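Engineer: First, the structure itself, so that you have it in front of you.
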Amino acid sequence: MSELEKAMVALIDVFHQYSGREGDKHKLKKSELKELINNELSHFLEEIKEQEVVDKVMETLDNDGDGECDFQEFMAFVAMVTTACHEFFEHE
């Protein structure tokens with residue numbers, strides 16, 4: 001498997017490690033999203049401690065307004081973070 005294919009599988013795996021702990025196994029609730037960000041993105045994003053921050057992140061990601069983050073919305077988030085990191089490291 002190529003590095004890109006491994007990365008794609010890892011993204012799917014990480015999403016499903018956190019989704020469905022508290023409901024729909026295909027979506028992240030706010031608490032699941034917070035845990036995922038704090039555990040899996042700790043080198044790129046600050047730890048989320050305040051509920052307001054979680055609410056704001058979810059509001060930004062939740063395109064369909066269901067109060068949860070589906071895989072497509074999660075991937076949009078990953079793309080945003082990856083783009084920001086790429087731009088940061090490109091200028092160093």
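Including glycine, each Cβ sits where the backbone N, Cα and C put it.
What Swiss-Prot shows for this protein is this:
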- H16, H26, H86, H91: Zn(2+) binding site (BINDING)
- S19, E22, D24, K27, E32: Ca(2+) 1 binding site (BINDING)
- D62, D64, D66, E68, E73: Ca(2+) 2 binding site (BINDING)
- 13-48: domain 'EF-hand 1' (DOMAIN)
- 49-84: domain 'EF-hand 2' (DOMAIN)
- S2: N-acetylserine (MOD_RES)
- S2: blocked amino end (Ser) (MOD_RES)
Engineer: Spatially speaking, which of the recorded positions S2, D62, D64, D66, E68 is closest to S19 (Ca(2+) 1 binding site)? Use C-alpha to C-alpha, please.
Structural biologist: E68
Engineer: Same chain only, please: residues at least 6 beyond the ends of the domain 'EF-hand 2' (49-84) with a C-beta under 8 Å from a C-beta of the stretch. Say none if there are none.
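Structural biologist: Sequence-distant neighbours of the domain 'EF-hand 2' (49-84): 11-12, 15, 19, 23-24, 26-31, 33-34, 37, 41.
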Engineer: Summarise the model's confidence over the domain 'EF-hand 2' (49-84) as a mean pLDDT value.
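Structural biologist: In the predicted model, the domain 'EF-hand 2' (49-84) has a mean pLDDT of 91.
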Engineer: Considering only the recorded positions S2, E68, E73, H86, which fall within 10 Å of D24 (Ca(2+) 1 binding site) when distances are taken between Cα atoms?
Structural biologist: E68
Engineer: Measure from the CA atom of E22 (Ca(2+) 1 binding site) to the CA atom of the residue listed as 'N-acetylserine' and give the result in Å, rounded to a whole number.
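Structural biologist: With the alpha carbons as reference points, the distance is 33 Å.
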Engineer: Say you check the Cα of E22 (Ca(2+) 1 binding site) against those of the binding-site residues D62, D64, D66, E73, H86; which is nearest?
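Structural biologist: When the Cα distances are compared, D66 comes out closest.
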Engineer: D66 (Ca(2+) 2 binding site): which of the binding-site residues H16, K27, E32, H86 is the nearest Cα neighbour?
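Structural biologist: Checked the binding-site residues H16, K27, E32, H86; minimum Cα distance to D66 (Ca(2+) 2 binding site) goes to K27.
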Engineer: Where does the residue listed as 'N-acetylserine' sit in DSSP terms: helix, strand, or coil?
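Structural biologist: In three-state terms, the residue listed as 'N-acetylserine' counts as coil.
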Engineer: Quick one: of the binding-site residues E32, E68, E73, which has its CA closest to the CA of H86 (Zn(2+) binding site)?
Structural biologist: E73
Engineer: Distance check, please: Cα of E68 (Ca(2+) 2 binding site) against Cα of K27 (Ca(2+) 1 binding site), rounded to an integer number of angstrom.
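Structural biologist: E68 (Ca(2+) 2 binding site) and K27 (Ca(2+) 1 binding site) have their Cα atoms 6 Å apart.
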Engineer: Including all protein chains shown, what's the count of other C-beta atoms within 10 A of the C-beta of D24 (Ca(2+) 1 binding site)?
Structural biologist: 12
Engineer: I need the nearest neighbour of D64 (Ca(2+) 2 binding site) among the binding-site residues H16, H26, E32, using C-alpha distances.
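Structural biologist: Nearest by Cα distance to D64 (Ca(2+) 2 binding site): H26.
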Engineer: What are the DSSP helix, strand and coil residue counts for the domain 'EF-hand 1' (13-48)?
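Structural biologist: Residue counts in helix, strand and coil order: 17 helix, 2 strand, 17 coil.
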